[in-house]
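Okay, structure first, notes after.
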C-alpha cells in the first residue's frame with residue numbers, strides 16, 4: 001500500500017500559499033479602515049492608527065439601493081445559463097449528431113468576442129425587443145453570452161461519464177429526458193457548483209454590459225461600486241470598503257454551494 | 001449509440017434555441033464588426049464606405065499594436081501555464097482529505113469575488129518598486145522593478161519593436177494568476193471528485209505508488225478539464241481589460257498594453273470605430289487559429 | 001433524498017427571483033430616457049466634491065422648477081473614459097441623454113457638433129444675456145459657424161505648477177520664470193536629494209500636460225493654437241526645441257512615474273519628497289482633502305514661461321438632437337448658466353465659475369486668485385483634455401508622448417507628432 005502525501009507537508013504548502021493569497025487582502029482591509037488623509041503609498045503596510053469605519057458606512061449607503069437589482073439579475077441569469085449549458089453539454093457529448101462538433105466549436109467561439117465591439121448592435125437589438133434598460137434585458141444578455149462557457153464546462157464534465165452507463169439505461173427503457181434527470185444531472189452536481197461559482201461571480205462583477213444597457217435605478221451594484229470613485233480624486237478607503245462589501249454575496253455563494261463539492265455524493269451515484 | 005427517433009428530436013429541440021441565439025448575438029454581431037472594420041468610420045458619424053484593408057494595414061504598421069501583440073502572446077502563455085499548474089497543485093493538495101478543506105477552498109476562491117478595478121489598484125501598490133513587497137524583498141537583496149521596467153527579455157528587433165518577454169508583463173501575470181487560480185482550482189477539484197473511487201482503489205490494489213496513481217490514472221482523467229481551463233483562461237487573457245486598466249494602464253513604452261485597451265481607446269476615445277473593429281477582428285481571427293486544432297483533436301479522439 | 005437538496009435549492013431560487021423580477025420589470029417598462037417631464041443629466045461626476053456640486057446644482061433646479069423631474073445619470077471611471085464610452089454607445093444606439101457633460105473645445109465641436117448631434121442654443125444666450133457674462137474666448141470654445149452649442153458650467157486651469165513651500169524654503173529657491181531657470185532649480189534640488197518634478201503618468205495624459213506647458217512657453221498662446229489647426233507644422237524649430245527641453249525635464253522626474261496615477265504623483269509633493277508637480281488645478285482639491293493648507297503648506301504658480309496665459313479646461317452641457325423635451329432641458333441649462341447655479345456648483349467642486357460676475361466670497365483662497373487670473377489672462381484651450389484638438393489627434397499625441405518618455409528620441413517624436421496632426425488638413 002502506497003502512502004498518501006504526507007499530511008504535515010500538505011498543510012505547510014497550503015498555508016504558505018494562503019499567506020501569499022492573503023497579502024493583497026490585508027492591504028485592502030487595512031486601507032479600508034483608514035481615514036482618507038492617512039492613505040499613501042508609503043504607508044500602505046501600516047495598521048491604521050485609529051480604526052475608522054466611516055468608509056464602510058459611506059460605501060454601504062451608496063451601494064444599498066442597487067444591491068437588490070444585482071440579486072434579481074444574478075440568480076436567474078446564473079441558473080438559466082447553467083441549465084442551458086448543461087443541456088447543451090449533454091446533447092453535444094452524449095447525443096452527437098452529424099456536425100455536432102462543428103456546432104460545439106461554433107458555440108465555443110462566441111466566448112471570444114470582445115464585448116466592447118458589439119455594444120452598438122446589442123443596444124439597438126435589445127431596444128427592438130423592448131428589453132433595453134431593464135433587468136430582464138441584462139439577464140437575457142448574460143445568458144446568451146454565458147452559453148459558450150457553460151456549454152464547454154458541461155460538455156467536458158460529461159465527456160468523462162462512461163457511455164456504457166447510458167447504454168444500460170437505454171436498455172432499461174429510459175429516454176432522453178429520464179437519462180438526463182436520473183443519471184447526468186446527479187452526476188454533474190460538482191459541475192453545477194463550478195458553473196454557479198463562475199457565472200455568479202462573473203455576472204455579479206460584470207461592469208460593461210451593466211453600465212451600457214441599464215440606467216440609474218435599474219443598475220446593478222457593480223456600477224454603484226465604480227461610482228464610488230470620482231473622476232479626479234479617488235477615495236481609496238471608501239472604494240476598498242465597498243469592494244469588500246460587494247464581495248460578500250459572492251463569498252456566501254462559495255460557502256453555500258461549496259458544500260456540494262463533497263465526494264460521497266458522486267461516488268455513491270456512480271456505484272448506483 | 002442506439003438511436004430512438006423521438007429522443008433524437010428531443011435532443012435537437014433542446015439545443016436549437018442556443019444555436020439560434022448564438023447565431024444572432026455572436027455571428028450576426030461579428031459580421032457587423034467585420035463590416036465596420038472594412039469601412040471609413042473614423043469619427044462619430046457612421047461612414048460605411050468601403051476602405052478595404054487599410055485599417056488593418058495601419059494597425060500592423062503601428063508601434064503600439066505591434067507591442068500589444070507581443071504582450072498578449074507572452075501574457076497568455078505565462079498566465080495560462082501558471083493558472084493550470086497552480087490550480088492543479090492546489091486541487092490535489094486540498095483533495096488529500098484535509099481538515100479545513102472549505103476554508104482553504106474559499107480562501108483561494110475569494111480573490112475572484114473582488115472587483116478587478118480594486119484588485120488592480122492593490123497590486124499596483126504591492127508591486128510598486130519603491131514601496132510594496134520590495135520593502136520585504138530588499139532585505140534579501142532583491143529589488144525588482146516590476147511593472148515600471150521597460151526591459152524586454154531575450155529581445156530581438158522585429159518590425160518597430162523588441163520582440164521578447166517584457167519584464168513588466170510578469171507583474172500583471174502575478175496579479176491575474178492571484179485572481180483566477182481559485183477558479184481553475186475549483187474546476188480541477190470537481191474533476192478529481194468526478195473520478196470514480198473504484199478506479200483509484202483498483203490502481204492501489206495493483207500496488208501503484210501514489211505518484212504513479214496520479215501520473216497514470218488521475219492526471220489523464222483530468223485532461224478534458226485542463227482543456228476547459230486552457231480555453232476559459234485564454235478567453236480571459238485575450239480580453240483582459242479591467243485589471244490592466246486599473247493596475248498599470250498601457251505602461252511606459254506600451255510594455256503592459258493589450259489589444260483590448262487599445263481597442264477601447266481607439267473606439268471610444270479616438271472615435272475611430274473602424275480601427276477598433278479591426279482590432280476585434282484580428283483578435284477573433286487569431287482565436288480561430290487556435291480553436292480549429294482543438295476541434296480537429298476532438299475529432300481524432302472520437 | 002439528500003441528493004435532491006441541490007435540485008430543490010435551484011428550483012426555489014429560480015421561481016422566487018423570477019417572480020420578484022417580473023414585479024420589478026413592470027415598473028421599468030417606461031424606461032427610455034428623455035421621456036416627457038424628466039431630465040436625465042449625464043456626467044462623470046460620481047463622488048467627492050464633484051458629486052456634491054452636482055447635487056447642489058440639482059437642488060437649485062428643483063427649487064426653481066419643482067414640477068420637472070431630474071435624474072442624475074452619472075457614470076464613473078478614469079477621468080470620464082467610461083462615461084464617454086457609454087455616451088457614445090447611447091448616442092449611436094439612438095438613445096441620447098437629455099443633456100451631457102463634455103469638455104468645451106474640440107471634444108464638443110469636432111466631436112458631437114460635427115456629427116450633427118447637437119442643437120444650437122443661440123436663443124438661450126440671447127434671452128439670458130450670456131454673451132455679456134461669459135468671456136468671448138470661452139464662448140468661442142463652444143461655438144461653430146456662428147452657432148453656440150453648449151453652456152459652460154466650470155473652468156479648471158491646466159498650466160499650474162503646485163509646489164511644496166517648505167521644500168522651496170529649505171533649499172532657498174524661488175519659483176522659476178522660464179524653463180531654463182527650471183532646469184537650474186531642478187539641478188539644485190536634485191543635488192540636495194529631492195525629486196524636482198513629481199510625475200504620475202500611468203494614464204499618459206500627465207506627461208502630455210508637461211510637454212504641453214513647454215510647448216506653450218516656447219510658442220506663445222497664439223502660435224500654440226495654430227499648431228493644432230495645422231497652420232504651424234510640427235517640425236517647426238520651436239517644437240523641436242520644446243521636445244529637447246521635454247527630454248531634459250524628464251531627467252528630473254521620479255523614477256517610478258509610470259507606476260503612479262496623477263494623485264500618487266501629487267502625493268509626492270504633499271509628502272515633501274518632490275518639490276513640484278505640473279497638474280490641472282483639481283490637484284488643489286486633492287491637497288485640501290489631505291488637510292494641507294493652501295498658501296502655507298503648498299503654493300502654486302503658472303507653469304514656467306506661461307505667465308498671463310490661462311489654459312482652460314471647461315465642462316459644458318448642451319442639448320442633443322432627438323431629445324423629447326427640449327424646452328425642459330433648456331430650463332435646466334438656464335439654471336446651469338445662472339449666477340446662482342454656478343455659485344452652487346463650483347465652490348463644492350473646487351473649480352471656478354465660467355461666468356465672470358459671480359460672488360467671490362463663496363470661493364477659497366486658491367479659487368479667488370484663479371478667478372482674478374481668469375478675468376485678465378489670455379485663454380488657451382488644453383490639448384491633454386481634448387479642447388485644443390479632436391480626440392483622434394489627442395489619442396495619437398498621447399501615444400507619441402508615451403513612447404518618447406521612454407525612448408527619448410527627438411527625431412522619431414517629431415515624426416510621430418507630424419503623423420498625429422496629418423488628418424487635420
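Note that Cβ sites are derived from N, Cα and C of the backbone, with glycine treated the same way.
Predicted automatically and left uncurated, TrEMBL annotations should be read as such.
Given the ranges A:138-158, A:201-221, the record in TrEMBL names A:138-158 as transmembrane segment. Transmembrane segment is the annotation TrEMBL gives to one range among A:47-68, A:179-200, and that range is A:179-200.
For the transmembrane segment (A:102-126), same-chain residues at least 6 beyond its ends with a Cβ under 8 Å from one of its own Cβ atoms are 88, 92, 132, 137, 140-141, 145, 147-149, 151-152, 155, 208-209, 212-213. Sequence-distant contacts of the transmembrane segment (A:70-90) (same chain, six or more residues past either end, CB-CB distance under 8 Å): 107, 135, 138-139, 142-143, 146-147, 149-158, 180, 184-185, 188, 191-192, 195-196, 199-200, 203-204, 220-222, 249.
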